[in-house]
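Chemist: Mind having a look at this structure? Questions to follow.
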Amino acid sequence: MKRLLLLFLFFITFSSAFPLVRMTENEENMQLAQAYLNQFYSLEIEGNHLVQSKNRSLIDDKIREMQAFFGLTVTGKLDSNTLEIMKTPRCGVPDVGQYGYTLPGWRKYNLTYRIINYTPDMARAAVDEAIQEGLEVWSKVTPLKFTKISKGIADIMIAFRTRVHGRCPRYFDGPLGVLGHAFPPGPGLGGDTHFDEDENWTKDGAGFNLFLVAAHEFGHALGLSHSNDQTALMFPNYVSLDPRKYPLSQDDINGIQSIYGGLPKEPAKPKEPTIPHACDPDLTFDAITTFRREVMFFKGRHLWRIYYDITDVEFELIASFWPSLPADLQAAYENPRDKILVFKDENFWMIRGYAVLPDYPKSIHTLGFPGRVKKIDAAVCDKTTRKTYFFVGIWCWRFDEMTQTMDKGFPQRVVKHFPGISIRVDAAFQYKGFFFFSRGSKQFEYDIKTKNITRIMRTNTWFQCKEPKNSSFGFDINKEKAHSGGIKILYHKSLSLFIFGIVHLLKNTSIYQ
């Protein structure tokens with residue numbers, strides 16, 4: 001009997017422990033949220049006062065403000081997407097308050113900087129290089145010039161610090177969390193830039209890239225606030241990118257030039273039209289889409305067309321098919337009704353065969369995108385589910401082609417919905433059940449059922465080039481015949497149009513027989 005009583009008491013104790021663990025986790029999440037909102041959104045609630053209804057209402061309002069800034073679904077609730085953003089390493093400068101606006105800049109163009117101490121994570125020369133290149137990001141688009149000094153007081157004093165440090169009113173929090181902070185132009189701490197020494201700083205390996213973080217913090221030291229443009233350098237969260245190919249977004253350029261102006265204008269040199277080469281090892285695509293039994297690859301003013309299971313590749317001007325379409329398209333996809341949608345900036349066009357449908361272009365916001373979305377990076381329609389994924393920076397939206405509405409619960413981070421695809425997507429399409437994501441000159445074959453990358457290849461693998469050729473390879477603008485792996489690239493518009501017509505005539509005839 002005693003054994004039964006002991007077992008019963010053990011069972012009651014063991015089973016009652018689970019709700020306590022869950023409650024503790026919820027409390028920890030709420031405390032994390034309170035600290036985050038205090039630091040970055042001026043919540044100004046001290047201590048553990050979350051149970052008060054007034055304070056909880058303030059927290060909900062600040063969560064809504066934070067969700068709106070990061071492009072999340074605005075609910076005021078501490079959902080998983082909101083927590084994920086709060087736990088992402090970021091800059092220590094607030095997103096609102098006096099730092100939520102672009103501040104007055106320096107009253108001079110020639111600025112000095114000094115590195116007070118160095119991180120042991122990197123060679124001194126590598127730190128010098130990262131700092132110099134971080135400043136050059138801004139001097140390349142403004143009249144600003146930066147000079148390094150080794151003694152005395154510089155306009156921008158740079159240091160690696162930990163936790164509470166010196167007279168600085170901001171502090172660091174150990175590994176992860178806050179990576180750095182900087183102060184806007186002015187006397188005293190103005191322009192000073194600090195990096196958290198508890199982080200693992202790196203040039204190109206595992207850890208946090210010093211150049212990327214420094215370039216961001218120097219934006220603050222020059223007077224910029226945070227941007228909610230997810231492609232901007234001044235976006236508050238750390239995004240791992242290839243530093244060698246890192247461009248400032250137009251939002252960054254507009255912001256810094258609103259303070260200091262642009263570079264002196266030089267006489268514009270007439271540009272010769274560039275023609276992309278299929279076997280260029282650095283070839284990238286603006287957009288890719290299927291069209292019935294074809295795949296179309298868009299680049300500048302041109303497109304390549306390949307047919308399923310046929311080795312011929314055709315190369316044409318976009319205008320030879322659709323004269324009213326602009327060049328430099330940014331995204332394209334085929335919907336379940338055999339129509340192509342192509343996107344550039346805030347507009348999209350719908351194509352049926354050789355015809356651009358009337359009443360186009362239309363605004364992308366008619367599809368359900370919020371006003372902050374200014375362009376689409378890539379799009380792909382899953383033929384099985386009839387759902388279209390739109391990629392915008394590090395986020396993706398999902399559109400229901402049957403109801404013509406955006407799905408609830410989106411946007412989501414790309415890496416969350418497509419594990420392994422961690423940063424922005426340049427182009428995407430579906431072929432034989434797989435998604436193909438292009439980023440730069442690489443393409444990732446992705447199994448959407450197992451959510452795994454199954455193959456990594458060059459973007460021009462589809463053209464079966466035997467060996468990459470130099471991108472400066474010369475060829476006739478009117479006609480190029482390149483024999484690579486049995487592929488013949490045709491430039492004659494009349495012949496390509498004839499083939500296109502015959503293929504689709506045979507297809508349509510077979511369907512209705």
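Backbone N, Cα and C define each Cβ position, glycine as well.
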Chemist: Name the one residue among Asp155, Asp173, Asp229 that Swiss-Prot lists for the same Ca(2+) 2 site as Gly188, Asp192.
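Modeler: According to Swiss-Prot, the candidate sharing the Ca(2+) 2 site with Gly188, Asp192 is Asp155.
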Chemist: Suppose a student reads Swiss-Prot and sees Cys91, His216, His220 listed for Zn(2+) 2. Which of His194, His226 should they find annotated at that same site?
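Modeler: Swiss-Prot names His226 for this Zn(2+) 2 site.
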Chemist: Have a look at Asn55, Asn470, Asn508 and find the one that Swiss-Prot tags as N-linked glycosylation site.
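Modeler: My reading of Swiss-Prot gives Asn55.
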Chemist: Given the binding-site residues Cys91, His220, Asp426, which one's Cα is the least distant from that of Asn452 (N-linked glycosylation site)?
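Modeler: For Asn452 (N-linked glycosylation site), the closest Cα among Cys91, His220, Asp426 is found at Asp426.
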Chemist: I'd like to confirm something. Which of the recorded positions, Asn110, Asp155, His194, Cys465, has a Cα closest to the Cα of Asp121 (Ca(2+) 1 binding site)?
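Modeler: When the Cα distances are compared, His194 comes out closest.
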Chemist: In angstrom units, rounded to an integer, how far apart are the Cα atoms of His165 (Zn(2+) 1 binding site) and Asp196 (Ca(2+) 3 binding site)?
Modeler: 10
Chemist: Please report how many Å separate the Cα atom of Cys279 (disulfide bond) from that of Asp173 (Ca(2+) 3 binding site), as a whole number.
Modeler: 49
Chemist: Through the lens of DSSP with three states only, how would you label His216 (Zn(2+) 2 binding site)?
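Modeler: Reduced to three states, the DSSP call for His216 (Zn(2+) 2 binding site) is helix.
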